[in-house]
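Just below is one structure, and these are the notes that go with it.
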Amino acid sequence: MVLTLCFHSDRDHHFLSTLPLAEIRRLAPGGFSVFVPEDLLPHLSPSPSCPTPPLPRELTWSAACNPTNFPHLFRHHRPPPPCTRLTPRPPPPTPAPPSASTLPRVFHGGAPPAAFQPAIDFLHNTIQKDTIASSIIAALNPSLTSSLTLYPYALPPRWPSALNQAGIPATSYGHQSHPHPIHKTIETHLLHEHWANRATLPSTVMFMKRSKFDKLRVSNAALVKSASNFLHLLNPILTARDADRYTHLPLPDTLPSTPLYFMHHSLMYFSPSQIAGLFLAAPFLERLYASLVLPAESTIGSHPFFPSLYRYRTTGEHLHYVLEGNPSSSYTQPLTATQWLTTSSITAGDLHLTVTVLESWFSVHSILITRGVRPLELPRDIISLPSPDAVLLPNPSAFDIPLRSRLVPRDVCESLFVYVRAVRTLRTTDPAGFIRTQSNKAEFDWVTAEAWDHLAQFALLTAPVRPNTYFLPLLSPLAVVRHWLFRKQRPIFATLTLLSASTAAAIPIAIARLRTHSVTQLTILGHHFTPPKILARLPVALKRLIPKRLLPHLPSHLRPPPSWSPVFTLTFSELPKARFLTFPISGQTHTLLRQLHVPAILFAPQRPSRPLIFAGLLIGTVPVLYGAYRWFVSRFDPQTVYNRYSDLLHRPTWHLTFEREPLSCFPTPFLPHPSSHPRRARRLPPLPPAPPLPPQPPPPPPPQPSPHPPLFPASIPSPPPRPSSPPPPATSPASTPALTPIPAPKTAPPLTFPSPTLVAEPDAPVTARPSPLPLAPSRPFSELYPGHYADHSGSFFLQQPLVASSVPYPALDCLLVSCSAASGIPKEDLWATLCHIFPPSDLVSDLGLSTNHLTALAFTYQWLVTLRSGELVQRHGLLSAPFAFEITHTPPVPPATVGHFALSAPLTPTSACLTGGAPSPVISGPKASASLPRARFGPRPEAPRPPLTPPGFTPITEPTPATSPFALAALRFRLNRQPLPIRQVHAYSIALPRAKNLVSNLKNGFDGLVSSLPASDRTNLLPLIQALDHTADFPPARPPVGLIHIAGFAGCGKSYPIQQLLATQTFRHFRVVTPTTELRHEWKRALKLEGPSSWRVSTWETALAKRASVLVIDEVYKLPRGYLDLALLADPTVEFVIILGDPLQGSYNPTNPDSSNHRLIPEEDHLRPFIDFYCLWTRRLPRLVADFFGVPTTNPTRGHLAFASLNTTQSPLLVPSDSMARALTAGGHRAITYAASQGSTYPAPVHIFLDRNSNLVTNHVALVALTRSRSGVHFRPRAQDLPRHPQHLFTAFYKYAIDLLAHEADPSKPRPTPVDVTLLFQQQLRGLTILRDPSFSRITGGATHAFLAHAPLFTNLHGLRPTTFPDNLPTAPTYLARSLPYHQTESYPTSALPHRVFPASTTDWSAADDHPRVNPTFVAETRLPLQSELAPTLPSQPEPSPTYHSPATFETVYPGVDGEALARTFLAATDPLELEIFFRNNWSNQFPFINRPDTVACNPLTLVAPTHNQKQDPTLLHASLAKRLRFRDSTAPYTITAKDQALGYILYHSLQRAYCRSPEPVPFDPVLFASCIAENDFAQLTSKTQATIQANAFRSDPDWRHTFVRIFSKTQHKVNENSLFTSWKACQTLALMHDYLILVLGPVKKYQRILDSRDRPAHLYIHAGQTPHQLSEWCQNHLTPSVHLANDYTAFDQSQHGEAVVLEAWKMRRASIPEPFITLHVHVKTNIECQFGPLTCMRITGEPGTYDDNTDYNLAILYTQYLLHRTPVLVSGDDSLVDRVPPMNPSWPALAPLFALKPKPETSPFGLFCGYFVGPAGAVRAPRALFAKLAIALEDGSLPEKIASYVAEFSVGQSLGDSLWSLIPPELVIYQSACFDLICRHASPQLKLALRLGEVPDWGSLLSQLKLRFLTRPLFALLDAHTRVMVRTHKAHLLPSGHALHPSTEPFY
């Protein structure tokens, strides 16, 4: 053994590391001291050779004693002591046993989280910590990844730790939502970790969904490292809900013969007798694993132990179980299921079963039922189940309380025990008050209210009870004896009482006998003593004393005997544990005394007289009675008293236990019989053989079963529903149960599955069921594959598989044969297509394929299929399909159940639901296909091939390359009967200068990405490039290679025929080079390259290190110049080259200015001699885009142009620059540049992002961006962002679409002229042969074809509408007409636009004259037009405010604080001059103190916070400019950069994500906008007096430029929580803007605020327009008792740059604000100036919508920085609060440097928002700031005028009652009490009434006046002062009618 330690010996200091113990003892012969864990003590025991003293259990070490080898690994959280010499300690005389505090800490459930934390903290160096942390992360990463994969569900906050304690490794990082995530997590653990490990033998699963069963098989196969042991799935369909849950398949007569069964969440529905019937029905069954969902505490009460997990209630004999508060997930089960927890074994005749509870997870229990009884099995035992940490309070003395009402938390009970004894003066309400602070905690939600009440009463009544413990020194032996006698006084007194009683009873009798007898011998303890002679003569003396005359008269028995023989003896008899002195006697007394073990007396034969006996007993009862009195009156002995005290007050921990006993029953049938004639399993065609099972021990031979009941009885109790999806509890006759066997998959991956068989017929094959595949959510087929489907044939739902299915070809293939015969496509290819579209469950059916499969084939291959079945005619496929044919369906004839599809077959009538699958007759021969039309789409087989050379055509070839096998195969290749668009195979030789130029630039890092890669990634490429550079200097000789160049327009189909060519045998050794990773993925997907073959497709730099005989270069013009030559130089094995590209789409341009690659001839010029034809057609582009370029297209889609703000498609966002692409990608959007998208194809509309860089894009790159989509183009954000040059393709395409739209609306207008690409790109097309028809032939020899006529355009307007957006969006995107310039809208009628900009208003303005207008004669001239043209709108109907009921809260209890005394000491003695600054030779004056009242404290209390007043402080504004304003460098307008647009776009989407709404625009509401204008005019004009407006007439001065603002400072005293006791602060600047902007943009902001208020979700709180009471109510409903996050910012207003302007423009466009308003807003923000200079586009306080824009910007930043989801958030301007600390957005680290705004997150359990501390209890005004205001007002004498406002603020928290203390930090409690004290001192009685809880007393006069039945005090506080006085004095009847309903206009916050 090796130990790491540091010790001191007799010699020098030794610092040892990993020394053997023998070496340690040798170096320290004098002994040493070391602390070690307990498990190491046996190895360090003292020995004779090394007298080591006993070792403590902790290591003493020092951080100063370096170097050390982590000796702190043996300690537990103790600070290191100073380095001192340790001396050997002598061994103690008697080593004391280790106490609990010194023992090593024991951790359960894994290593302790902080066991090595001191070791990590000891590492001061960051590198050392990173080294340690890397190993920790490496160890944690697999476990965390596995846990997130297995348990991806988002769990409530405190449940991950609870599940971890239960052994379930769930984490708090789950992200998937679930109706009951905790139950789902437990179920997942049960299936994949608990059951999957126990299925070691062939097993059958019962009552489980098919998807869960498939996943369970995969988990078991991975664990057992072989084929899965789960072979059968048995799902009886017993209710209608089961039919929806389980697959409906027949069930055999007998159960599967597997030794293991697993019953999933159903045991509670079966009785032990039914389980016995199951074992009898399955004689091979040995073990049954069953899961039981049952709250064990249901046996003791109706309140659950885990209410957040489940709730239940009992009704009769049933238990209703609700999962996690979700009523939809509830179900009912029998209450008798608890017998499974109380049964240890089941006996049913000769059958013996053992029941074992394996594990319990809260309400889920794993039960094992085994056949037989084991030898060591206990018939009766006790089990413990999960329960809270609780104690059971005793019953009261007078009555009994239910057990559930006496269970309380142990921690609370113990804390309350200490609390009631620690309080000096305990009040009656103190225990209840303490409990109130604990009862609202989430961890105690299982405690009933009755239990809390019982605990409070118990603590109050037992508080005076104290233990009778005392401690005596016992300094003398006498004290020890007295103490012993005191402790044993009760048993000693009892013994003496009995002895005295027996002695007193025996004395009279003894005296009577001594008269006639003498004592001759005394025997004591076996020793004989001779008594003195006087005792022997005593009877004689007595006889002499008796007169002789009396002797005759004495009774005979009293007369002395004739002889004096001694008969009396005294003896001791020895008993088992005591010795007793006995006096033998006779008679009844002898029997009685013997039973009492008291001394007995032996007498002579003569009986004593009865009076003497009675006298003796009477004397003996005296001490007995006295002893009994003392026994019952005196206290118990101290030990008994303490034991009773401990039992009463120190209760042990309560555990939920069950006593289990055996159970005897009669077996009953397990399942009901489905019908009188059960269906047997039908034989199907055999499956391919599956891999054999691994060797396993054979199951025990089945016992000979005795006669048992049938498997299917006539009735059964309620079927077993699932807790995850519970069915209704009612029982019903069952449908046919389903046994779903699972075969082996088609392929053989490492985990293979055996092919199961049916038990009833072992040799019969079963229906093939493929292995489970990951599926997408179920959606309509028409949404997954959009198109115009005939007869709604695409409306069925489909779960699209994420990977292709591997289902074998079906036997019932008549539909495939019919479609193959019609189209000429092989039926195997058709089946492969269906495997890519449908999941395996939809491909396997006993009835064959259906019309759903026909629709999928028709969509894929562009068919319109007419299906005839009797009189029914249906069409399947697309209405626009170019090909059509007919199929007939023959319905089944009973008893057959399968129909038949065929071409031109006879018809019979049937229903609309058609299925068919009869084996089709083989259609072969020329007649079968010659008469059928053939489609031109889809893959075609290679054989039979056409002739090598068409007649009349001889290719021009070079001698060697052109006659190679590759050249011949390329010329021979046909796709859809069409050859490749080439004339010949060219010979190409390497151009060494081009290769040398490129390799030199690569080596120097001027081109490519190799130089920017990490060193570890470029180790393989750099040596290769250096070698190529050397090879280019001395090139080896090599012959020319064959080369073909396929060039054509975008989307003409250059790649697809080459991909089919590479699939042939000749071209199997190939590699493909792509310019981008995007194209690489498309090629891999098209070629189906996976695993080892994926190397064949790579990007251009990594391809230089690979070898293949065929080289394919895609998009060659996007690669550096000379790449073809360098590739041939790098790979001498290349024999044939295929290059693809379009010279029109631009060429490569180096980004490094030092690169010399641009000096070479461009590739389009270098490769032009090798272009045989240029294919000027397209298969990709929609007709709108193709017609614009004048290019024919085969795409029937019309296409559209739109301006949209949301990318709802899978296509990426195309941006002009790399920087914007990186910014948007970091924000979570898929973005690539225009040029990088070259070669890609997107089925959805492509989104082209426009900014100022779009003007710099050439037409070559613009062509790339416009030609990517199959369906249309979306520009974003608006048409004004299009390039200004009219010849730019973006602008030209927009103008073409506009003109086309106008022409279709009005045919009299000219049709727009398309762009002629042959003229636009004539430089690139010069000398090329252009083909305009894809159906060309080489017979023409490549002659130039004439231009084809343009295809006719559709005339409907729906062509401009996108068809790929889902229907669940609120509105469609902004289309073309939404962004038309206003000067152009005159020439195009509104009816021609797809959407109206202003919908037709339904308001009747004809009656506008009936409404009074405002007299505008006093309005300034600049305001007259807008004021006079708009008529006022009708007032909206006011919504009644919700009724507010006072909560039943406890009155607030305040500690006694003198507010005035606290005010005297509130301000520390500080020199005010130290708080000022010196600016421009002047001192500031924010803390004036001269001539200020100081009646309260030594200094004026106004010094607690800065005072901003420009009149008293001339330096205020100028000194604040540097912090409050940001200036532009010049007078030029601020330019919106690409970064601003990208960040604004990200912020906009984050804001919409916060509102949980679509970013798409909503229709404009002109009526609402008009009302906003009227409201704004009322606020700016009507509500003001004429004098005020005339005084401010300069604000409407026409000479005042509208972009100029006047900056002034805000006068205020900054008394708030963050400004108290601070020094000089910059003032807040306000901007005075032109009235034009206020009147024009003010209605826009009001309109946006109304729209936002409608969409705002409940978890989002905006403080605008809300009262503090509403804030408090929202907090009570949404906040949780957790740590809150406050995101503070540095210079919030000044840090908002261009991205804020872009965000505001996006918001206005979403609201469909007319474009002039948006343009005006952007113009003002980018051109703003003030008297100090030009300003940046920062936020200026005073501009319209300052608060709303600040709030939205803050909210957008929060949702960009964090993953908030539905977390409650409070936002108000730059103030924000998040309910709990959310996870960081993974993209934020990349986005944070791009923002000028710097967040400063702060976490605290006490959240401060807008001056209020908020929490789950509500909101309370920050007490310190409120106290400062009260104290300042008290000092300057203004308190009477302000106290009403302060009382209103204080009443918000006061209304919460005693719960407000949970919201205030402990250090501020004194200020809250001081505020209460000052208000009580100085407020009027009517104001104090607002501080009372509950309703105002029922004053009849007030209530009759207000027509209310009650009036809450918060509402009373809002009344004006006059009304409050009248109400208070009972004079409300004097108020005018309705006066009291108007709240006070005094500010209250």
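Placed from the backbone N, Cα and C atoms, the Cβ positions cover glycine too.
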Using Swiss-Prot as the reference, determine which range in 324-348, 924-948, 1149-1173 is annotated region 'Disordered'. 924-948
Take the mean position of the Cβ atoms of Gly1048, Phe1049, Ala1050, Gly1051, Cys1052, Gly1053, Lys1054, Ser1055, the recorded ATP site. Which other residues of that chain put their Cβ within 8 Å of it? Asp1142, Cys1175, Thr1178, Arg1179, Arg1180
Fewest-neighbour residue among binding-site residues, criterion Cβ within 10 Å, set Gly1048, Gly1053: Gly1053
Give the three-state DSSP assignment (helix, strand or coil) for His900 (active site, for protease activity). strand
May I ask for the distance between Phe1049 (ATP binding site) and Cys814 (active site, for protease activity), taken between their Cα atoms and rounded to an integer number of Å? 41
In sequence order, what residues of the same chain, 6+ apart, have a Cβ less than 8 Å from the Cβ of Lys1054 (ATP binding site)? Ile1046, Ala1047, Gly1048, Leu1140, Gly1141, Asp1142, Cys1175
Can you count helix, strand and coil residues in the domain 'RdRp catalytic' (1682-1788) using DSSP? 43 helix, 24 strand, 40 coil
What does the structure give for the C-alpha distance between Cys814 (active site, for protease activity) and Gly1051 (ATP binding site)? Integer Å is fine. 36
Which of the three DSSP states, helix, strand or coil, fits Ser1055 (ATP binding site)? helix
Report the DSSP secondary-structure composition of the domain '(+)RNA virus helicase C-terminal' (1176-1308) as helix, strand and coil residue counts. 52 helix, 23 strand, 58 coil
For Gly1053 (ATP binding site) and His900 (active site, for protease activity), determine the Cα separation and express it in whole Å. 38
Give, as a single whole number between 0 and 100, the mean pLDDT over the domain '(+)RNA virus helicase C-terminal' (1176-1308). 85
Where Cys1052 (ATP binding site) and His900 (active site, for protease activity) are concerned, what is their Cα separation in Å, rounded? 40
Ranked by how many other Cβ atoms lie within 10 Å of their Cβ, the binding-site residues Ala1050, Cys1052 are led by Cys1052
Euclidean distance between Cα atoms of His900 (active site, for protease activity) and Gly1051 (ATP binding site), Å: 40
